[in-house]
Amino acid sequence: MLTRILSGDMPRSRALSLVLLVIFLCLAFAPFLFPGTRSLETAARISVFIALAASYDLMLGYAGIVSFAHTMFFGMGAYGVALACENMERGFLPVVVGTLAGALLAAAVALVIGLFSLRVRAIFFAMITLAVASAVAVLVSQLSAITGGEDGLSFSIPRELTPAFRFAEGKLLGASLNGKLLNYYLVFGGSLVIFLGLLRVVNSPFGRVLQAIRENDFRAEAIGYRVVAFRTLATCLSAACAALAGSLFAIWLRYVGPGTAMGFEIMIDVLLMVVIGGMGTLYGAAIGATLLVLAQTYLQEVMAGAAETTAGLPLLPDLLNPDRWLLWLGLLFIASIYFFPSGVVGRLRQARRPAGRT
Amino acid sequence: MSEPLLRLEGVFTDIEQYHILQGVDVAVPAGEVTMLLGRNGAGKTTTLRTIMGLWRARQGRILLDGRDIAALPTPVIARAGVALVPENMGVFSDLSVEENMVLAAVSGPLDRARLDWIFSVFPPLKTFWKLPAGNLSGGQKQMLSVARAVCEERKLYLIDEPSKGLAPAIVGTLVKALKDLKAAGATILLVEQNFSMARALGDHVAVMDDGRIVWTGAMATLAADPALQEKLMGLSMEGGHG
Amino acid sequence: MTELAPEHRPTFSRASLADRLSPHAPVLLLLALAALGWLAIDQQSSWLTLTVSGLAMGMMIFTMAAGMTLVFGLMDVINFGHGAFVSVGAFVGVTALMLMPGMTAEASIWLNGFAVLLAVACAMLATGVMGYAFERVIVRPVYGAHLKQILVTMGGLIVVEQLIYVLWGPVEIFIERPAAFQGAITFAGAALEKYRLVAVALGLVVFLALRLTLKRTRIGLIVRAGVENGEMVQALGYRIERVFIGVFVAGSALAGLGGVMWGLYEQVITAHMGQETMILVFIVIIIGGLGSVEGCFIAALMVGLLQNYVAFLAPKAALISNIGLMAAILMWRPQGMTPVVKAK
């Protein structure tokens, strides 16, 4: 049963299984385990970013393509929902329409970019996605009449998903039984479905071909696989999943803006999640996303404290300033690519077989 | 017999996971032409590239004038006086013929006398001196590649299948040039599939198969012994795929 | 045996008109773009103003992009952290300029020019040294692995940006141009900003110097040959990795120069300006053909012109128009306008 759900891709390490189980249980019961708005925000954020990072890993880890447009696809899903909710009558219909429109647009744009760049060189893809994503981000903030510009859009979602809706009286283990709870489970469930769906994709014959291409595209082409078609399809799938994650995030926040759905910072976050967790395994994306969101939420406080205690010293407080946390993440990022290219998951799996292959 | 100019002792070379050279032992005496024969995939090109340091020997010694060059970087080996005419000719097509030659003369300006000789054996190089080498025909590119190697005096010339894919007339031109070079006392290690060209030039022969030297001897011995020729040349010719 | 090889005439001497025009297509395209702008923009004076500022912009982008494209051509290394040199160059140069108020306040072309040159020298020195360190620490361990290169150099960019924040503070810095380069001159009814003319001149000098180096010096020959076949260059006896470090350092220094020029053009500098300019730099490198300096030059001018024309006609479409240009060029020539020959 479990094997079926996980598409036969077992964690293959006791420590890894344990970590994944803890993450899963904490997210599944977050409203009851950690009551409070802030922890629920964190849990929802982790869920969405697990889906987003996993969709990115399909491209980076499995297909070996670097894209810098993943937040653009994420944003397409988010803006899709926002614009549909803004312009249509309140209800579930605009949510569905916006989500589907976002996912389709993302897949279509990915297809065009893929056809342009992947047929020449995989490296083109990285450059072109960076250029296109930046241009789109600028455009989104310029077209303020439609997108709300820098301020973004606040929109209304179906009442059933808001705190104003109470489906039962009282509280269960400290959590109010209201629309917010339903909304959380929509986000959690949606992310879980995306994640398991991606797990199925990477363990399918399609996923195996992708990995063969990543290892040696020349050989894969020679065997008779159409490398460009496979890579482009992976890109489209990945983009559509990112858009779905974006839709979930927008529904949860009831707001979109360049900072939450389009910014380059998110792109960097996703890169860090996948690399630190471990490229080429979706479990790595899950662990990386969890670690990074937790760090983002709680580590910055630690840094602020450290900056205060070192206030008298030269330069050090500036380096420890919570705004500079990207500096440390950047260093960690470089270090993990050099020294732990297989990330946390690779480490955990290695620990199980000390004499095994690296 | 005095110490040869170049000696390979038990050289093993891997390319990725494939073991291409599996203990090559060969000696190249100074002032003579040594032919390296063998079927496709026997490891002839790999031997030349290993001597040049373009591929690294995993094991074994490569002695040039008694000094082990197996671990030296390619440019240092080149400056020690080894010139390579690679299988794909390695002509810089974006550069003019002149620029190709200037680049090949590492120790100073082009030597006028040598250049005159090059022009006399390869007249097209003079004609197209200022044109991009990419516009040359295949035979002319081969002439340029050889000319680059011989534009300065080198200790050792490594020449990889110069006749490959060329018209007989151009092969004749190349043979004449290499004979001139030989007459001037050059040491050459020449890979060749074309036996008539090999016979015209070679003093010694080393036959390779499966990454090893399977026969060495004088060209005269081989030329005079049809049975041996049959055996070795059969070996040379069989499985001539690609 | 003694007969000579038949002489082959190079075939291009009898080529058709289209074939003969083909190598010049990029230049013709650039002229066509300028002509199209002239038709689309009613007032000739506006067109002239826009053309000059487009050329200025193009020259600056070229200055930033040249090193990156050469590094790619020579060593197959793609440096996503190249923008870091632009930012650092701008900060070092502008800081240096601000330390010389006496030389920049009065409108003396010699004094001002000297101050700017001094600032540029500081910036290029800093980014050159930084380039050396970057190559050694960040790029060297990941030769031959594109995926890692992209990731690691991106990480390098993030770290350098953050270090700029640490050293110079988190807010942008506004800068006034030296007095002699402020204001505009009027030519044929068009107002041409002095600084833009200076930028055009400076960019042209960089291009010509680069071209001369590549065409006329032995180092240039090695670089050009190395772009095509690095192995053969080594087999001829040249240490290509030394040449490569030299190119990397020179390219970083040029990016630093571009950063100073861009900072004085925008009159404001931020830590992420490098990352922003990289968008146009990438477009230019792709359009021009990875590894080609000449293609990069023409492409930079095209992007600069298009950006300025479109910004005048339909301001919001400016950046998107360049993406469109890139798409169009890639449909026409998938490897860019002047693809570089690779012997691999």
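Glycine is no exception: its Cβ is also placed from the backbone N, Cα and C atoms.
TrEMBL entries are annotated by machine, without manual review.
If you look up TrEMBL, you'll see C:21-41, C:47-72, C:84-103, C:109-134, C:146-168, C:195-214, C:243-265, C:277-303, C:310-332 marked as transmembrane segment.
Scored by C-beta pairs under 8 angstroms, the transmembrane segment (C:195-214) has its highest count with C:47-72, from the stretches C:47-72, C:84-103, C:109-134, C:146-168, C:277-303.
Contact check: the transmembrane segment (C:277-303) against the transmembrane segment (C:146-168) gives fewer than three Cβ pairs closer than 8 Å, residues 6 or more apart, which falls short of the contact criterion. At the 8 Å Cβ threshold, with sequence separation of at least 6, the transmembrane segment (C:146-168) comes into contact with the transmembrane segment (C:84-103) through 3 or more pairs. Stretch with the largest number of CB pairs closer than 8 A to the transmembrane segment (C:21-41), among C:47-72, C:84-103, C:243-265: C:47-72.
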